[in-house]
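According to Swiss-Prot, the protein has these features:
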type     : residues : note
TRANSMEM : 21-41    : transmembrane segment
TOPO_DOM : 42-225   : topological domain 'Extracellular'
CARBOHYD : 120      : N-linked glycosylation site
CARBOHYD : 173      : N-linked glycosylation site
CARBOHYD : 180      : N-linked glycosylation site
TRANSMEM : 226-246  : transmembrane segment
TRANSMEM : 250-270  : transmembrane segment
TOPO_DOM : 271-308  : topological domain 'Extracellular'
TRANSMEM : 309-329  : transmembrane segment
TOPO_DOM : 330-334  : topological domain 'Cytoplasmic'
TRANSMEM : 335-355  : transmembrane segment
TRANSMEM : 358-378  : transmembrane segment
TOPO_DOM : 379-443  : topological domain 'Cytoplasmic'
TRANSMEM : 444-464  : transmembrane segment
TOPO_DOM : 465-498  : topological domain 'Extracellular'
TRANSMEM : 499-519  : transmembrane segment
TOPO_DOM : 520-593  : topological domain 'Cytoplasmic'
TRANSMEM : 594-614  : transmembrane segment
TOPO_DOM : 615-632  : topological domain 'Extracellular'
TRANSMEM : 633-653  : transmembrane segment
TOPO_DOM : 654-699  : topological domain 'Cytoplasmic'
């Protein structure tokens, strides 16, 4: 039921006790366990297993202080035995793998080498660097060499990629070649096609192209990083100026934002139409995006009329949505602007709240770093596991574990000629190694819990600070000193358990969503329509559930900051308070978020326009200072995204301020009636907008 009038109530309760102590204890135990997990992973893990490729004997390629120190590249004796690039990268190709200092640069076979060796021994000197260390018998028969895999049967021109030698595929006039050849012969004088190499390493060409794009992007970042920093600094300054201007010109500025965004999107529509109209008359520009497929040169897409048509339609739908919202929700927009004006006034009294996101950022950076390092060490835990590799499909010992030291003394080599004991992967049969996957899930769950707790702590801190502003009768005289620090200490001292409780609920739902995404990825190639439909429904339901829990947690933290009760009680009271004001909540909350989103969009868009003219060298004054870029859109998108995130960090405080003031406003309406005996705490401007004028003393007495 609605709260009763309490003449002694003055905002956040100071006399409070610890809440959800059991969850607090559990949270502390989990953190200690998480530290223990990281320690165990650090002891058993070895990042070198991820950083360096490993040869058939389990030795790292390129590791300092070892015989392979100057051999940083992995070479495959017979790449034709490899089924796919995934097999290569997972180091499970059934052929000998050896560390080399460089990849082959020519076609050659062991048979040709033996013939040429009689006349020139330099052929063997070159070929033997791709043979097993210590092998120096070029007279050994081809059959025996291939059986024992002392040397590769052939070598092909290759280049290093992912620290592994892959065939150097080059497309010439639409034909796939290696060293300008489309065919070659192996050691058994069998004709081979370059297509077979491509099939053995399917997808390597596209990956290589992606690598080239990545290298060009890195070059762009290296040459213009300081311009990116300047752009982000401009976004920071604009965001601060924007927040300060809201204090004095909230109404004007917000209406300016609305119409500025409308004009900005309208300009985008006009520019897209102009580009579309020009390209429509250009020969060859009518090709569709699907026809050209993936291109490493991103400028190709900007030469297509369809690209600009897609941009134009997208911006047109955005423009229509904004205009329709303004037409049908203009009254709610006025109320939202009044709330934002009140929020700007509150922030002007508590400016320190704007810098609290720095603390959140530092804590999140620590959480992310610890999770990433723990995941890396867990993934690299385990001992070297060796398995029998045989080219004979009838070998019954194939894929069984083996020991390199005793392999030659077993019967496997007799029953399966040519079989070898090769390194397969890192793992183990101990209890720790068997539950690596479970430990990774635990690592992810605790990471999500800590991230959500960090965000919850920030929300509760900011809510407590702004609640003390709203419930102060005389502003700023009745606002307590250091409201942000006081609210932070209260939240951490008394309500760690409650914040951990709400964060855990959200973390569990997020973990379920991650698992569903993983299952969806695994079932992409499945033909079970019912399973796909069920999975799609579950993903949709849990997405909605996560959004609802986020909304309820946010309001529960506000109630915790004000009344100091446990999580369940605070969530229930917040829910009922919102339900009693459901008409206001349903529209006002989203309208306020929409206005703040427009502000973030305007800041990111404005900085983005400046960055566009800068990176395309269209500003004459500094044209010579700006480097020529391969893909100007990459640093441009970086500046736009970074500007949006910077604006979001400031506006997140603003949004929490408005949500807190709105909840306090709803309580104010229930506690007080505007009479002299029960005056409202809301500002005159907010009362005027809502039509809640003070009642006369005569009416209150009557």
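In case you wondered, yes, glycine gets a Cβ from its N, Cα and C as well.
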| field | Dominant neighbour of the transmembrane segment (250-270) in 21-41, 335-355, 358-378, 594-614, 633-653, by Cβ pairs under 8 Å | value | 594-614
| message | Please give me the CB contact count at 10 A for residue 120 (N-linked glycosylation site), counting all chains in the structure. | response | 9
| query | Ranking 21-41, 226-246, 499-519, 594-614, 633-653 by Cβ pairs under 8 Å to the transmembrane segment (335-355), which is first? | reply | 226-246
| message | Using Cβ distances below 8 Å and needing 3 or more such pairs, separated by at least 6 in sequence, tell me whether the transmembrane segment (499-519) contacts the transmembrane segment (21-41). | response | yes
| remark: Spatial neighbours of the transmembrane segment (21-41) not adjacent in sequence (6+ beyond its ends, CB under 8 Å) are 370, 373-374, 377-378, 381, 432, 439, 442-443, 446, 449-450, 453, 496-498, 500-501, 504, 567
| For the transmembrane segment (594-614), what are the same-chain contacts with Cβ under 8 Å, counting residues 6+ beyond its ends? | 227, 231, 234-235, 238-239, 242, 254, 257-258, 260-261, 264, 322, 325, 333, 336-337, 340, 622, 626, 635-636, 639-641, 643-644, 646-648, 651, 654-655, 658
| message | If we skip the immediate neighbours and take only residues 6+ beyond the ends of the transmembrane segment (309-329), which ones have a Cβ under 8 Å from one of its Cβ atoms? | response | 258, 261-262, 265-266, 268-269, 272-273, 276, 289, 587, 591, 594, 598
| task | Average the per-residue pLDDT over the topological domain 'Extracellular' (615-632) and send me the rounded value. | result | 77
| request: Determine which residues of the chain contact the topological domain 'Extracellular' (465-498) at the Cβ level, with the cut-off under 8 Å and only residues 6 or more beyond its ends counted. | output: 9-12, 16-25, 27, 343, 346, 349-350, 352-353, 356, 457, 558, 560-562, 564, 566-567, 570, 656-657, 660-661, 664-665, 668, 681-682
